[in-house]
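*Asks:* First, the structure itself, so that you have it in front of you.
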Ligand SMILES: Nc1ncnc2c1ncn2[C@@H]1O[C@H](COP(=O)(O)OP(=O)(O)OP(=O)(O)O)[C@@H](O)[C@H]1O
Ligand SMILES: Nc1ncnc2c1ncn2[C@@H]1O[C@H](COP(=O)(O)OP(=O)(O)OP(=O)(O)O)[C@@H](O)[C@H]1O
Ligand SMILES: [Mg+2]
Ligand SMILES: [Mg+2]
């Protein structure tokens, strides 16, 4: 990997000092993932991650610039210096830790599986040999590729396509972060999260480029500060609660550091 | 199915946002075509020179852009080259650049072909009255090659416009990306909005390309009539 | 892990993608050629009723992106009761798009036949369909070989768009591996090489064919 | 020679607005050779093409071999087997060899058995001195050779009438003779009725039973035999003949 | 007429392996007309093209107007202003009108002022009977008219030598005369040195000061005046002349 060789000298570009000098923080977010990162009717970026992003920029004292990404190019957006920080429902995994630097987690999830109510999937064994829909580059894909290899994965580029495929019965079920699936079934009552959580509990963190210690440290302090100040609770109430059903409680999602 | 979902198009600022996305798409295509055409004409002329190494290099350039699918080019220029060469351009600029380089490569071949299909005796007639190399290009070859290459150029333009649909794969807020945002944002109220959104995008592309394709047809017809 | 090891690990997946790309492209291109020939003959002979249909079809197919055509085939058609697998959608989409390009290419070839050839055929009493069979098709197809070659290469590259309907062809494989393991350089390199493996030999064969046809058929 | 083989009366031909042929009348008896002379653009080719259904005419009547021409495609297709035509641009089909070019008509159009046709064609090929070239492709032949094959291709259908439109105009000067000789033989044997457009005056003089002089789409003179060349009646014809020899 | 205007010695020309011209030697004095005769493929066009730098030759020497030809592109570009050439395919530039076609050389190549050139060109156009066509585009002209303009285009550079390569070969018979007449006038006035390839034997007879007979790339005869036509020396030439008239 030549990627390692070049990473050290480009790091400085994104240090806290540089960002302040530049006057803008570039944040990678999702654009089609309500309620985390999406664009509402009037064209404004909103969501749990987006609110966090705005707060982070504000605390840094700079303007914010959003870069919309898909799940499978979050890492490259960082490493190619397209963004300073990723706040896009980014689950911490050991593979990812090797290529980006994660700050303290601000959310916890695990992989869930959603299926039609009239053909409910409740056990992983039911997926054997069946088509399971995932989005490229998600934790769910990773889990079903490395831990549970019996399902036949259909891999899409975006959330929009993934859910369309499920509605079209391209697969028997769809796997993604469970909190997100709860939100989705609330809008789509014919479906249910039949498997509420599989695999270990996972954490969602901001990610910065490897070696960018100044921004990493700053972000860690920021997360701690915000947690103490109850920011995430408010964020949850405003952005997530309206989307989630009764099955979910704030404590299922947010972390008390 | 009580709800057709067509109001997705009119809700909020949805339609104007789609138009905004369309403008991004069109802008990238236009600038790329403009730059690519100019560069391509120069390269095309260079490719008719008897200089072998030069022709070989330009041929390699052409073949590279011909072989590598545009999706891959976009990834290459957006994510890999910045890492390797430490240049960092915004997504729209990268997209414009990739399309311009692609257009230039295809144009160079169109121009070369057109120049070579100007009848040999026209070139000789020009030489016979003592025209120099550039005078020959300027007064004889290029004016005659131009109508020969135009249909292929127009055809290439329609392909460029269509290929902008791949911009959704890098972080360009083109019309399809905006469309997907709208689809997700209105998922709850209008589950069938997806077809309307894709339908309108389909129409957008058609409306841009159809006149180009008519023009292409018209040019071809005129060329045929001139030939027979 | 060294780049080479990364590449080696990914090869089995790429190999799968390679053959999927090859298979779908072959089916799609063959279908497109058939559709193209039929449409161009209809246009050439101005067959009533069919001719305007062909015009509508080719204008729609040529002037809209394959990406959106696939979205419709894959996501919208099932609601209308027509349900195709992803691979079928890919092939149908490629035929739909490619057929219009092929039709334009063949039409160009047919138009390139000198009118005197047609008159020579008429003068010995050939009927319309005999003229098509013995004069228009053989000469027109030979004249369209350059366009055919360009279209074939274009369509093979278009298979990369199949990634949006989750067909694990080459591009999808690469994007997927990148999303999971983040070795972007290595995977894109393999991807480019894989396309080159298909396209370079093909391009050489087509150039050769072009040359043979040119010398074979047009020494009049 | 009771009724004429070909009878053309009051033929009028327009291209859109342009009036190309004006009230053309003539007849041609079996075994006769009619040459059609006239300046460039006078309508000679157009007249020939009307006689072979390659152009539609707007008024007038053509009777061929007792049959009224209706201008229906089906009828033309059948008539064309009896009216052979050879063009200036020797239009052999480049993708078929000499024999295949010639066989196409007899086998596919007339559906005659190959075994019956082959000996006839060998005969014809020998007559034009091309017996050894049955397997050659058009690109391997010289212009004169191609034109000879084009004549055989038309003759192979055993037409009752042959139309020749400046068949030597695109040939190198040395090859002109070979081709004209073949037509001359056909004329001399009185085996074939012919309508010939040519710019070779000596040749025309030798073969003509009748001469038709066309100018601006009108027949200005119609004279038997060589009389036309010695005493052209109209001034147009005199000027025309003067311009032809140098 | 002390030193010849054009001197060609031991010229050898190959296309790859094919030996096209063998040891060609001749000279041409100012004001003389040399006609180059020979069967098709004998190398007449190739020889003319060598004299205008459109083909490279491999051996031998050409001297023009006392200047040794080096075959360098720059020199050719300068020499071509003094050696005009007209081709069989009247190659007017289709995108420029008659006047623009003619002016290109004098204005862009020779950089003469427009005001000085225009009257000369009017003069030339009048001479060839095309004074009214200055604004016409090539597609609006007949073949003969185009060829006359092509001749004017070459003459406009005031060349010392004119090369004519079968300039009437693609013309309709009636137009041949107009074009040949112009060349004949040029020859008669002794104003122009000319090298003419033609298949029109009568014309050649009338204008030739010398005849060069070429066969298979070799000069078989070189005779002054009309002697060639009356008493060809070699059998090749006799056959050639026989094939030319009908
Ligand atoms: N397709 C066409 N459309 C319009 N006018 C035409 C067409 N074909 C021929 N003409 C016109 O018809 C007239 C007669 O043309 P035709 O070719 O019959 O003359 P011709 O006597 O055969 O001349 P040539 O000796 O040059 O062959 C000409 O004025 C020509 O311009
Ligand atoms: N570009 C070329 N490559 C190879 N051989 C050539 C080329 N051009 C001409 N020749 C050959 O050179 C010979 C002389 O050709 P050239 O055109 O000079 O003959 P010509 O006397 O002008 O004939 P014509 O009377 O038909 O014009 C011919 O045998 C021809 O085949
Ligand atoms: Mg004619
Ligand atoms: Mg020649």
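Heads up, the Cβ atoms here are built off N, Cα and C, so glycines get one too.
Pulled the feature table from TrEMBL, pasting it below:
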type: DOMAIN; residues: C:18-210; note: domain 'ABC transmembrane type-1'
type: TRANSMEM; residues: C:20-45; note: transmembrane segment
type: TRANSMEM; residues: C:60-77; note: transmembrane segment
type: TRANSMEM; residues: C:89-111; note: transmembrane segment
type: TRANSMEM; residues: C:131-154; note: transmembrane segment
type: TRANSMEM; residues: C:161-182; note: transmembrane segment
type: TRANSMEM; residues: C:188-209; note: transmembrane segment
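Help me picture these features in the structure, burial and contacts included.
*Replies:* Same-chain residues lying 6 or more positions outside the transmembrane segment (C:20-45) and placing a CB less than 8 Å from one of its CB atoms are 51, 54-55, 57-58, 87, 90-91, 93-95, 97-107, 110, 128, 132, 136-137, 140-141, 148, 151-152, 155-156, 159, 162, 167-170, 194, 198.
A Cβ distance under 8 Å defines the sequence-distant neighbours of the transmembrane segment (C:60-77), meaning residues of its chain 6+ beyond its ends; these are 83-84, 86, 89-90, 92-94, 96-97, 99-101, 104, 158, 161-162, 164-165.
Same-chain residues lying 6 or more positions outside the transmembrane segment (C:89-111) and placing a CB less than 8 Å from one of its CB atoms are 24-25, 27-29, 31-37, 39-40, 43-44, 54, 57-59, 61-62, 66, 69-70, 73-74, 136, 139-145, 147-148, 150-151, 154-155, 158-159, 162, 165, 167, 169.
Residues of the same chain lying 6 or more positions beyond the ends of the transmembrane segment (C:161-182) and with a Cβ under 8 Å from any Cβ of it are 6, 10, 13-14, 16-18, 20-21, 24, 66-67, 70-71, 73-74, 86-87, 89-90, 188, 190-191, 194-195.
Taking Cβ pairs closer than 8 Å, the transmembrane segment (C:188-209) reaches residues 7, 10-11, 14, 17-18, 21-22, 25, 145, 148-149, 152-153, 156-157, 170-171, 173-174, 178 in its own chain, all 6 or more past its ends.
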*Asks:* Quickly jot the same-chain residues contacting the transmembrane segment (C:131-154) by Cβ under 8 Å, restricted to those at least six beyond its ends, or write none.
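*Replies:* Hits for the transmembrane segment (C:131-154): 29, 32-33, 37, 40-41, 44-45, 98, 101-102, 104-106, 108-110, 112-113, 117-118, 120-122, 199, 202-203, 206-207, 209-210, 213-214, 216-218.
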